[in-house]
Amino acid sequence: MQDTNMSGNKLSTESLGSYFLKHDNSRNIVLFSDLPKLCLDEPCVLGVDEAGRGPVLGPMVYGICYCPLSKAENLKALGCADSKILTEEKRELIFEKLCKETEYIGWAIEAISPNIICNSMFRRQKHSLNQVAQDSTVGLLTKAKSSGINISEVYVDTVGIPEKYQAKLSEIFPEFKITVAKKADAIYPIVSAASICAKVSRDTALKGWIFQEGLEATSDDFGSGYPNDPVTKAFLIKNIDPVFGYPQLVRFSWSTAGKILQEHSALVEWEDEEEEESGASKNTTITSFFNKVGSNKRQKTKHAFFTARNLAVSDLL
C-alpha cells in the first residue's frame, strides 16, 4: 500500500476534515480509528466496501468496519444501511454513532488519490481500477490483522466476479472465513457500516479539497463528480489548461475527461523514434545508466508538479 499516513486518534466527522486539510492530495492516506480492546479478545466480523469508484473527480475511498460477533446485531439498531440510499445528513449521523461506540466498534479508510489511480492505469504495465481496489482491500485487511484485531469473518462487496475474488482473498487470508458478494452493502450490516465510513470520508475529502494548482473552487462548483452531471462537465471544460491539462482532482484517465482534453487542449504530435542503424548493438547497456567515474555533473531535481504527473523532458515537439 503506497503513500500511507497512519493516524490513530479519536476520529469523527469533525476531525476527518482536519486530517484531509493537512494532507497532500496527490498521495494516498490511511486513517484508523482507535482499536477497541474488546476486538482484541473476542472473535470479530469485518466488512469492506468502497465509495467513489465511478466519479471522474476525487479519490476512491475504501473502508472497513469491524466489531465482535456478539455485538453484530447492534449495527442494525445504529441504522447501518447501504450508504447510497441514505441522505448525506443521515450518513454523517450514523457515522458519528459508529465513532462514539469506541468500546466495540472500530473502522479504517484508505483514500486513494485520483493522481495515483490514473498513473496506475496509464503506466507501462497497466494496473486496472479493479486491481487498485483489490490492493486497497488486501492492504487494509493486512493492517487490521497486524494490529491484533481478532478477525473471524470477513464480508466484502465484490469487485469483478465474486467467486474469483473470494478465492483470491481466501488464499491470502486462509485463517478468515471470507464471503464476497454482489450488493453486500445491502445484505450485511457490517458492510453497510464500512460503506458509510467510506462515503462520509470521500464527501469530507471533497469538501476540504485544496487545489495545489491555486484554483479557487468548492465542492458546489464541481457537482457530484459523476461524468453525466452537467455541473461536473462544466467544471472540466472551464478548468482545463491547454498544455498541462486538469488539476489533480480530476481522473484524467476517464473517457469523459479524455474527450474534453481532445476538444479543448493543444494538439501535440509525437514522432516515433527512429532506430539507430549504426553500431554493433541496438540495445541499451546497463552501464549507460551510470555516470562515469569522477563525473561532477550535478543531478537535477524535478519540480513536484512534473514528478506527480510522471512528466519527462522531451527534445522533440
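Using N, Cα and C of the backbone, Cβ positions are placed for all residues, glycine too.
The domain 'RNase H type-2' feature in TrEMBL is assigned to 43-266.
Note on Asp49 (divalent metal cation binding site): other Cβ atoms within 10 Å of its Cβ, all shown chains, come to 29. What TrEMBL lists as divalent metal cation binding site is Asp49, Glu50, Asp157.
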For the binding-site residues listed (Glu50, Asp157), most other Cβ atoms within 10 Å of the Cβ sits at Asp157
